[in-house]
Every structure is written in structure tokens, then in C-alpha cells.
Amino acid sequence: MESLIFIAPLAGVISLVFAAFFAKSILKEDAGNKRMKEIAGAIQEGAMAYLNRQYKTIAVVSIILSFLILFLLDDGLKIAIGFLAGAISSAAAGYIGMSVSVRANIRTAHAASSGLEKAMSVAFRGGAVTGLAVVGLALLGTSSFYILYGDVDLVVGFGFGASLISLFARVGGGIFTKAADVGADLVGKVEAGIPEDDPRNAGVIADNVGDNVGDCAGMGADLFETYVVTSLAAMLLGSLIIGTYENAILYPLVLGSVAIFASIISVFFVKIGKEGKIMQALYKGVGGSAIISLIAFYFVTNSLMGDIRLFYATVVGIIITVLMVIITEYYTSTDYRPVKTIAASSETGAATNIISGLSIGFESTLVPTVVIVIGILISYFIVGGAADAGIGLYGIAIAAVAMLSTTGMIVALDSYGPITDNAGGIAQMANLPAQVRKVTDALDAVGNTTKAVTKGYAIGSAALGALALFADYRSKVNLGGQSLNLDDPVVLAGLLLGALLPFVFSAVTMSAVGKAAFEVVNEVRRQFREIPGIMEGTAKPEYGRCVDIVTKAALHEMAMPGFLAVLVPLLVGLILGPKALAGLLIGLIVVGFMLALMMDNGGGAWDNAKKLIEDGNHGGRGSEAHKAAVVGDTVGDPFKDTAGPALNALIKVVNMVAILFSSLIIHSGLF
């Protein structure tokens, strides 16, 4: 059984090989005419310039933190090396995804001239590169450091590095993409009355760059981190029950390995049938990945663990994944009541649109929360949690690992979104034939749904993963002679601070988007006013000015959320003690999960309500209802693409800080 540990790094390498294979196949596709290449080149240049500047900024922070880890912790050198490796791996996943995404967009636009099937194939393969790179690097890094160190506690540094990069990528990318999007929409659609992706809008290139920065690199880093820390949490909890299950640490890694093979196989399932239904084709891949993974999990569990109850926990994880996807699609798709309600409310103005959108966002927390609660209880008790709490908590962690078995496909779906969005923008700006735009519009409409669905999945997996991380922190606190009681005022104080943190964090990120969007709006207005011929199409806007504005804003504003995530748990732990920090973690997980659900689903519903009106309903484009829906969409944009997704990263970073510095915190504090 010992040799099975090497299946994990091998699976990681194979995943990266297939990612390279798909990337090479995309680059062989035709990149279109000169005008298309000019537009795509501007998007590519802006995206890579931002990513390079972001990583330089993060590198400075990472080096400072690595020295703190080196000098403050036992085995600091090993943990610091792991931390830097985790940060580099997460950055590499984002870099690979971004590099392919900004090259697949133009090829998708050109392929649209050959029809829907060809264009969809190029876009999905582009997404698959990011998906396979994310899971490959995550499993390769986690397993390699465990093999190298032989102690799962020392692998925590790798998880912390992945978490920190994810937070910065989510916050910085979210500020960039939504400041550009909101600014471009408010002036272009509402004031100037020009369509989306119109080349006369100075913010249009920044908007297209932002799609890649936020939805490709951002989501890639987010799910890379979730994959790493959830696997790590299961391994940490497994180390506590090694007397019952000798392979408890190895089991999550083997599950991840077979799931990678399932994802690779399932990529080839994604083909449009005779009906021409794009979403159905994409769901074939996700469904195939889940089913193949479950079959493999059954044999792995029987041979490695000898306890069928653990297989049942993996089934729970897969069911949660399916339900989260269905629920999110219900609340964010144009086919169902929530989005139709918001669209109808737009007829009476922006105020009723906002009220309706907030209501739908709040409502959307109900069913997912019930699903997660039931999943937690079943996975805890089905493995024997009533008799042994440690095994029950391990069952929850295994359910979370099973949820992540579809990560490769889920990231592929998410990255498909910005590729098709950019393809539509390139087609519009390059004045390609109406038939091409019709194909890219069909792809983009599905891309909006996939982006929303993957956010719901990310929140659910983050919640289960964070609960497993908290369980490990609690075990470390108990080992230090501390007990946790909810009637303890110190724990309650921590609970309130933890519940507060998501609101403060969201305030900072939302404010950053508002300030940057204000600058973009003023810049686009200035260009319309001062550069003659823009509206007539005889003069070219200064696209670079808007890209520069949002780049500077994103890099400047992402520092504060990062400091909050690292310093707050450290200060609470060092000043108030480990019990208060435990309370903070509980409050953060509960409130952060709910708030993220509300923001992601509410924002997605606002976005698609606008698109429903643009499709000719409730007066269509240019109507008063459309103007109200654009206002709602611009409120929902930072909800669903900045603050909401960043809360996932916040929850996991704070938990990783607590675990990493638990040995320091356990002997500190006033209480």
C-alpha cells in the first residue's frame, strides 16, 4: 500500500501533460484576420501586464510572510519552503489559465464562422487547459510535499501559500474586472446608448481583459486553493484516526488521483448532439466526471480502507455537488422564476429592480444551506460519528474531497465563460458577419450560466472544506489543554468578531470597485467629450487609459483585504487566546457562507435579468426597463464577481492562519 502514495504525483503530472496537449491543439487553430488579431492582442497585452504586476506585488508580501514563518514556527524552514511553493503553484495555475484563455478567445471567434460545434469545441478545450492545470498542480504539490516531509502538519505551509494567492487573485481580479465592467456599462449602455463591446467605448478593452483576470485566473486560484486545503484538511483529520484506519492520510490523495483520470476521460464526452444544446453538452462532462469518479471511489475505498461507510460519504459529496449546481442554475438562469421576477420588476424602475434582486439573493440562501446541513449530518453519522467524533469529522472531510472530484470539469466550465465572452467582444469590435455574432452570442449566453453555476459549487465546497479545517484547529486547541464551550463569553466574543469580518471585508472590496468605477466613468466621459469623432467611428478611443486606471486601483486596493485576513486571526488568537479564535472561525464560516451565497446568486440573477430584457422582453434594449436592469446589473456585478467569491478565499485563509500558528496561539492570550 505504501507505493500507492506515488499515484498522486503521477496523476498530477499526467493531468499537466493533457493540459499541454489541449493547449497545443488550440494554438493550431486559425487566429482570424488582422483586425481580430489587433483586438485580441490588446486584450492579451492588458491581461498579462496586469497579472505580471499583481504577482510582483504578491511576491513581496509572500517573501515577508515566509521570513515570519521561518523565525516564529518550529520547523519554520520546511513550512516556509512549502508556503512559497504553494504560492508559486497557485500563481502558475492562474498564469497557465490566463495564457491559454487570451489565445483561445480569438480562435473561438474565428471558429464561430464554421458553426456552433467548432466554436464550442475550441472554447471548452481552452477551459479544460485551466481545469486540468489547476487539479494537476494542486495534487502534485500536496502529495510531493507529503512524500518529502512525511508529516502532514508540515504540508500546511503549502496550503497557506495557495490560500494567500487565491485571496489576492480573487480580490485584485474582482476589483479589476468589475470596475471596468461597471464603468463601461454605465457610460456606454445607459448614457451613450451604445451596445456592449462597442469599439467606441474606451472601457471595452479593460472590460474584456477583466473577464480573464476575474473569471479565469481568479476562479482558477480559488479552486486550486480549495482543492489543496480540503485535501490537506482530510489528511490532517486522517492523521488523528490513524489507529482505526492506517491509510487515512493516503486515502484523500488516492481519491484525488482517480478523480483526475475521470476528468481527463470526461473532457472527451463534451460534444454537441443533434439538438444543438450547449449546456447539455457541458453537463455531460460534469456528469461523466462524477459517475466515473464514484465508480472508482467504490473500488479505492474497499481496497484501501475496507469500510464501505466511507464510500457513502463520497456519495454524499457528489450529491451535494449536483444539488448546488441545480439550485444555482435555478436562481440565475433566464428560464426560471427568480430572474423573470427581477426582469418584470425593472418595468417600474431601478428601485424596484434593486429591491427584487436583494429579495431573490436573500431567498437563494435557504435551499443551499439546508443541503449543506443535511450533507454534514449524513456524512458525519453515516461513517460512525455517533461512536467516534474523530471518524465522523473525517467523514465530512471525505465528502468535501468527493465534491472536489469534479474540480477539473468545473474549472473548465468557468474558464469557458470568459473565453466565449471575449470571443463575442472580438466579433463585435471586428465587425464580423451577423451569423458569427449569433454563434458567439449563443456560446456567451451559456457562459453566463456556467460562471454562475461554478460560483455556487465553489461556495459549497469551501463551506465543507472550512468546516474540516476548523475541526483540525479544534483538535490542536484541545491537545493544548483548552476546551470550547458556546456559553463561554470569550468564545462568544470571538463568534461576534468572526460574524463581523465578512461584512467589513465586503465593505472594503465593494468600496474599492465603486471608487475605481467612478474613475473609469469619468475617463470614458472625458474621451467622448474631448476626442472628436469617437461616436462617429472615425477616431479611436484611448483604451489603455482605462486599463491603467483599473490596474492601479486593483493593485492598490487588494492590500487591505489581505492584511485583514492574516492579521485579524493572529491578533485575536494572540490577544484573546485560542478559544476566542475558535469562536471567530465558527462565526466567519457561518456568516461568510451565507453572505457569499446571497451575493453570488443575487448578482447572477441581476445579470441575467438584464440579458433577458436584452433578448427582447419587457421592452428590449434601450427601454426604461433595460436602463433599470443595467443599474441592477452594475450593483450585482461586484456582488457576484468581487465580494462574494473573495469571501470563499477569506474563510479558508483565516482557517489556514489559525492552523499554521496554532502552536504559537495556544500559549498566548488573556483568556
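Cβ atoms are placed via backbone N, Cα and C, with glycine included.
What Swiss-Prot says about this one:
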TRANSMEM  3-23  transmembrane segment
TRANSMEM  57-77  transmembrane segment
TRANSMEM  79-99  transmembrane segment
TRANSMEM  156-176  transmembrane segment
SITE      Arg170  site 'Important for ion transport'
BINDING   Lys178, Lys640  substrate binding site
BINDING   Asp181, Asp185  Mg(2+) 1 binding site
SITE      Asp215  site 'Important for ion transport'
SITE      Asp222  site 'Important for ion transport'
TRANSMEM  223-243  transmembrane segment
TRANSMEM  249-269  transmembrane segment
TRANSMEM  285-305  transmembrane segment
TRANSMEM  366-386  transmembrane segment
SITE      Lys451  site 'Important for potassium independence'
TRANSMEM  452-472  transmembrane segment
TRANSMEM  490-510  transmembrane segment
TRANSMEM  580-600  transmembrane segment
SITE      Asp641  site 'Important for ion transport'
TRANSMEM  646-666  transmembrane segment
SITE      Lys652  site 'Important for ion transport'
DSSP three-state call for Lys178 (substrate binding site): helix, strand or coil? helix
Of all the recorded positions given, namely Arg170, Asp185, Asp215, Asp641, which is spatially nearest to Asp222 (site 'Important for ion transport') at the Cα level? Arg170
Starting from the Cβ of Lys652 (site 'Important for ion transport'), draw a 10 Å sphere and report how many other Cβ atoms land inside it. 31
Distance from Asp185 (Mg(2+) 1 binding site) back to Lys178 (substrate binding site), taken between C-alpha atoms, in Å: 10
For Arg170 (site 'Important for ion transport'), which of the binding-site residues Asp181, Asp185, Lys640 has the nearest Cα in space? Lys640
Can the transmembrane segment (79-99) be said to touch the transmembrane segment (223-243) if we require at least 3 CB pairs below 8 Å and skip pairs under 6 apart in sequence? yes
Validating a neighbour-count step here. Other CB atoms within 10 A of the CB of Lys451 (site 'Important for potassium independence'): how many? 27
List of residues, in chain order, with Cβ under 8 A from that of Asp185 (Mg(2+) 1 binding site) and at least 6 apart: Glu196, Val630, Asp633, Thr634
Asp222 (site 'Important for ion transport'), number of other Cβ atoms within 10 Å: 33
So which residues does the transmembrane segment (646-666) touch in its own chain, when a touch means Cβ under 8 Å and the partner is 6 or more beyond its ends? 69, 72-74, 79, 156-157, 159-160, 163-164, 166-167, 169-171, 174, 222, 225-226, 229, 236, 458-459, 462-463, 465-466, 469-470, 472-473, 476-477, 480, 482, 501-502, 505-506, 509, 561, 564-566, 568-570, 573-574, 577-578, 581, 584-585, 588-589, 592-593, 595-596, 599
Highest-contact recorded stretch vs the transmembrane segment (452-472), from 57-77, 249-269, 490-510, 580-600, CB pairs under 8 Å: 580-600
